[in-house]
Amino acid sequence: MKIVEGNLSVDKSKKVAIINARFNHFITDRLVEGAKDAYARHGGNPEELDLILVPGAFEIPFALDKALASGKYDAVCCLGAVIRGATPHFDYVSAEATKGVANVTLKYGKPATFGVLTVDSIEQAIERAGTKAGNKGAEAMAGLIELINLYGSLEK
């Protein structure tokens with residue numbers, strides 16, 4: 001059986017962007033740093049990444065659609081943090097951001113990863129932004145690098 005999978009080596013011929021939600025920036029800024037670090041650890045130059053800032057996680061799919069439609073980007077790492085509060089707002093934002101990113105990815109046939117934290121507390125967000133539970137921004141970028149290479153293998 002032939003196994004087809006991506007690897008964790010940056011394809012320097014591909015243009016990559018990060019879309020980051022500014023809401024909860026004390027968390028999302030750490031996710032961006034993790035993503036940049038992962039890109040560097042796997043052979044890329046973080047200075048070659050474009051950072052697209054949006055107000056919140058709900059706006060990520062719109063920016064992703066515009067970025068991929070432009071033809072400028074081969075892949076996008078989407079980052080943000082939605083923290084549960086006392087109202088159902090969390091449920092609406094997290095669900096629509098998730099569905100939106102998935103739909104846009106399928107629409108353009110280009111890889112995007114979903115590094116948007118959906119957590120119950122600030123403590124959980126902090127843990128996932130570089131303390132106890134690693135950095136989910138770094139994980140999202142590593143996944144994106146692997147997907148870029150997998151897509152390349154599947155297109156041949």
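Yeah, the Cβs are placed from backbone N, Cα and C, and that goes for glycine too.
What Swiss-Prot annotates here:
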type: BINDING; residues: Phe23, Ala57, Phe58, Glu59, Ala81, Val82, Ile83, Phe114; note: 5-amino-6-(D-ribitylamino)uracil binding site
type: BINDING; residues: Ala86, Thr87, Arg128; note: (2S)-2-hydroxy-3-oxobutyl phosphate binding site
type: ACT_SITE; residues: His89; note: active site, proton donor
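Sequence features annotated in Swiss-Prot and their locations in the structure.
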{"residue": "Phe23", "record": "5-amino-6-(D-ribitylamino)uracil binding site", "DSSP class": "coil"}
{"residue": "Phe58", "record": "5-amino-6-(D-ribitylamino)uracil binding site", "DSSP class": "helix"}
{"residue": "Ala81", "record": "5-amino-6-(D-ribitylamino)uracil binding site", "DSSP class": "strand"}
{"residue": "Ala86", "record": "(2S)-2-hydroxy-3-oxobutyl phosphate binding site", "DSSP class": "coil"}
{"residue": "Phe114", "record": "5-amino-6-(D-ribitylamino)uracil binding site", "DSSP class": "strand"}
{"residue": "Arg128", "record": "(2S)-2-hydroxy-3-oxobutyl phosphate binding site", "DSSP class": "helix"}
Query: Counting every protein chain present, what is the number of Cβ atoms, excluding its own, within 10 Å of the Cβ of Glu59 (5-amino-6-(D-ribitylamino)uracil binding site)?
result: 19
Message: In whole Å, how far does the CA atom of Val82 (5-amino-6-(D-ribitylamino)uracil binding site) lie from that of His89 (active site, proton donor)?
response: 10
Message: If you count other CB atoms within 10 A of each CB, which of His89, Arg128 wins among these recorded positions?
response: Arg128
- line: Out of the binding-site residues Ala81, Val82, the residue with the smallest number of other Cβ atoms within 10 Å is Val82
Field: Residue among recorded positions Ala86, Thr87, His89, Arg128 with Cα closest to the Cα of Glu59 (5-amino-6-(D-ribitylamino)uracil binding site)
entry: His89
Statement: For the binding-site residues Ala57, Ile83, Ala86, the largest set of other C-beta atoms within 10 Å encircles the C-beta of Ala57
Query: Restricting the comparison to the recorded positions Ala86, Thr87, His89, Arg128, which residue's C-alpha is spatially nearest the C-alpha of Phe58 (5-amino-6-(D-ribitylamino)uracil binding site)?
result: His89
Field: For Phe58 (5-amino-6-(D-ribitylamino)uracil binding site), the number of other Cβ atoms found within 10 Å of its own Cβ
entry: 19
Query: Of the recorded positions listed here (Thr87, His89, Arg128), which is spatially closest to Ala81 (5-amino-6-(D-ribitylamino)uracil binding site) when Cα positions are compared?
result: Arg128
- request: Would you mind ranking the binding-site residues Phe23, Phe114 by how many other Cβ atoms sit within 10 Å of each Cβ and giving me the lowest?
  value: Phe23
- prompt: What is the nearest of the recorded positions Ala86, Thr87, His89, Arg128 to Phe23 (5-amino-6-(D-ribitylamino)uracil binding site), using the Cα of each?
  reply: His89
Message: In whole Å, how far does the CA atom of Ala86 ((2S)-2-hydroxy-3-oxobutyl phosphate binding site) lie from that of Phe114 (5-amino-6-(D-ribitylamino)uracil binding site)?
response: 24
